[in-house]
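Enquirer: Let me give you the structure first, and then I'll get to my questions.
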Amino acid sequence: MPKLEQFEIKKYWQIFSGLKPIENKVNHDQVLPILYNSKLDSSVLNKIWFLADIDDDDNLDFEEFVICMRLIFDMVNKNISSVPDELPDWLIPGSKVNLIKERKKRKQIENADLPPKKEIKVDWYMSPDDLNQYEKIYNSCAKLTDGTITFNELSTKLSTKFFNISKTDLNKVWSLINPQNLPSIDRDPTFYFIHCLRQRNDLGAEIPASLPNSLAEVCNKKQLSYDLRSSQPPTKRKEEANEVDNLRDNGQNSSSDSSGSNVLSNEDSIKQKYASLTDDQVANMREQLEGLLNYKKSEKTQGGSKLSKRINIRSITDDLDNIEQQVEVLENYLNNKRHELQALQAEIN
């Protein structure tokens with residue numbers, strides 16, 4: 001690693017001055033654009049910052065800034081393959097020699113007092129404060145039209161918040177909470193993605209090889225498909241509807257009674273299916289169903305398109321009726337839950 005040259009120091013001074021230091025120091029937020037533009041892994045940047053911040057005040061004076069910049073450039077230009085555990089003597093400013101010695105002594109004492117490291121496991125429970133924090137991150141992310149978020153969007157956002165996680169950590173947790181290898185994930189898996197990485201960053205928790213069964217069900221659930229050309233097999237509801245249509249075509253008026261009983265049976269099954277959902281899950285599902293309903297309606301009105309010619313109008317009508325029914329059931333369920341909540345709040349007060 002070549003030693004510092006005078007022209008380098010002048011270049012670093014120009015950069016340092018451009019960051020508008022306060023009391024001859026710059027903080028992490030001021031240096032963050034430089035760190036981010038280096039494209040180095042966040043764990044590497046975190047180690048560089050630790051080495052450069054010799055007095056541990058979370059700010060860099062010019063001498064410390066020079067150390068930070070030199071290590072970054074050496075990593076980017078591949079002059080070194082990894083960040084050293086300790087600063088080389090030629091990179092330590094004369095005014096900081098005593099501070100370096102004190103830091104080494106503190107580290108030795110701390111290591112001597114530390115008990116053997118135990119493996120920290122991820123705790124999947126999320127407190128209300130955790131949920132509020134993850135909700136803010138989720139809302140700040142750019143989403144696709146179906147409300148899901150891509151890996152690139154999430155990893156870019158979290159790399160600016162968690163400095164102790166690597167790209168490998170991001171990829172491992174993404175594979176963990178996205179077992180179907182989907183291009184994007186919805187709200188619940190996103191929360192677990194953030195929650196796991198946060199514990200990895202803050203506590204050094206080990207990334208598990210698999211999810212608990214209850215979480216695996218959440219992360220394995222299929223997203224609602226909006227593709228009318230999908231090759232999914234016909235549902236039982238559609239088969240029953242076709243049987244009713246055949247009876248009607250043959251002049252058997254009793255089909256209306258059969259259809260009515262099917263609707264009641266279908267409504268009961270929908271209520272049972274959604275009875276265990278939370279208010280947030282109900283609201284999210286309602287939003288998806290309404291989106292699909294609007295999409296189907298627009299497709300039905302565009303009868304002149306090539307796609308609509310290939311679609312059975314009767315099956316579209318069945319889909320519209322079924323979706324409207326599910327939306328109505330969900331609305332009733334959500335209203336009942338709200339009334340229950342109001343009643344509980346009234347009892348507490």
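From the backbone N, Cα and C atoms, a Cβ is placed for every residue, glycine too.
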Enquirer: Going by Swiss-Prot, point out which residue in Ser82, Ser155, Ser276 is annotated as phosphoserine.
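Expert: Record says Ser276.
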Enquirer: Out of 16-25, 96-105, 106-115, let me know the one Swiss-Prot marks region 'Polyphosphoinositide (PIP2)-binding'.
Expert: 96-105
Enquirer: Which whole-number mean pLDDT does the model give the repeat '2' (315-334)?
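Expert: Mean pLDDT across the repeat '2' (315-334) comes out at 75.
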Enquirer: Who are the chain neighbours of the domain 'EF-hand 2' (146-164) in space, where the CB to CB distance is under 8 Å and they lie at least 6 residues beyond its ends?
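Expert: Here the qualifying positions are 32, 36, 42-43, 45-46, 49, 137-138, 140, 170, 174, 182-187, 190, 193-194, 197-198, 200-202, 204, 223-224, 226, 284, 287-288, 291.
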Enquirer: Using DSSP, what is the helix/strand/coil residue split across the domain 'EF-hand 1' (40-75)?
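Expert: Per-class counts: 25 helix, 3 strand, 8 coil.
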